[in-house]
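Chemist: Below are the structure tokens for one structure; questions will follow.
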Amino acid sequence: MTNKEALKYAYDKLKETDEPKEAARFLLKQIVKKDLSFILAYPETKLSLGEERKFKRWVKKRSKHLPVWYITGYEHFCGLDFKVNQDVLIPRPETEILVEKVLSHTCHPELVSGSPQLQDRILKQVQDDGKRGSVASGKGLTIADIGTGSGAIGISLAKNLPKAKVYLTDVSKDALKVARKNAKLNKVKNVKILQGNLLEPLPQKVDLIVANLPYVPSEDMSSLSLDILHHEPRIALEGGGDGLDLYREFFGKAPEKIKKGGKMFVEIGERQGEKMVKIVKNVFPDAKVTWEKDWAGLDRFVIVELGE
């Protein structure tokens, strides 16, 4: 089977799935370990017998709507690779903005340990938000990533703020197994992984809390794509009647776990911004609360800044 034949085979098998061409190309790239430009430039290059068999197995899995990242076992996020399986939600590109928001509020962009591209995006966040943090590499900073799942958010922060202490919490023991593997994969030693509900496992008050909790309203679950509905963990998606049940519980407990002058950063769903601000104000009436949009112009993030 040549590169050209492999792509045609996959296109035919995946025509009933979302974005079949993109999935076929992505899977073939992972199999032959070449970039797309090489595959398209050398259509007659043959796959080995082992590569062909593996490619066909992967295409069969994708034809059943299994997301490509579960098939390959990895997703890229904030310049890092993360192991993923069906015990954890696949990290989304828009969630990278949440990480950038936290970093832009906590440190100078040039002190971030990530890629130059990440530094550039953080600098833009600083300019857009009118903020410039003062914590060099996170020294003395305590951060909690609540509902961590794969650990993508918390580990990305820990990698970029090597002197900070980052707690990762999740109610799911299986999800935390993945997070531990990802901490090891990305060689971060400044994280502590804790099992328990929301903020309960935290042993102390922290400076910053970040959370991407389930926020899909129950009535909207059936409208999700088959890729998501049938394969990603429902517990990481469904947020109750209006999607904000867990956030009500989260903010209700937050006064016990956030320091004076602390900040909280959370991800929300479209059209949830105004309601979320009211939830926060019921608990923190004097806090500065803003909600911000993602690249698509949809409500996506709420930032809470507490007074001293």
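Note: Cβ is positioned from N, Cα and C throughout, glycine not excepted.
Keep in mind that TrEMBL annotations are predicted by a computer and have not been checked by a curator.
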Chemist: Name the residue, out of Asn190, Asn212, Asn282, that TrEMBL lists for the same S-adenosyl-L-methionine site as Gly147, Thr148, Gly149, Ser150, Gly151, Asp170, please.
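Modeler: According to TrEMBL, the candidate sharing the S-adenosyl-L-methionine site with Gly147, Thr148, Gly149, Ser150, Gly151, Asp170 is Asn212.
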Chemist: Note the Cβ centroid of Gly147, Thr148, Gly149, Ser150, Gly151, Asp170, Asn212, the recorded S-adenosyl-L-methionine site, then list each other residue of that chain whose Cβ lies within 8 Å of it, in sequence.
Modeler: Val88, Leu89, Asp145, Ala152, Ile153, Gly154, Leu168, Ala175, Ala179, Ala236
Chemist: Note down the number of other Cβ atoms within 10 Å of the Cβ of Gly147 (S-adenosyl-L-methionine binding site), including every protein chain shown.
Modeler: 24
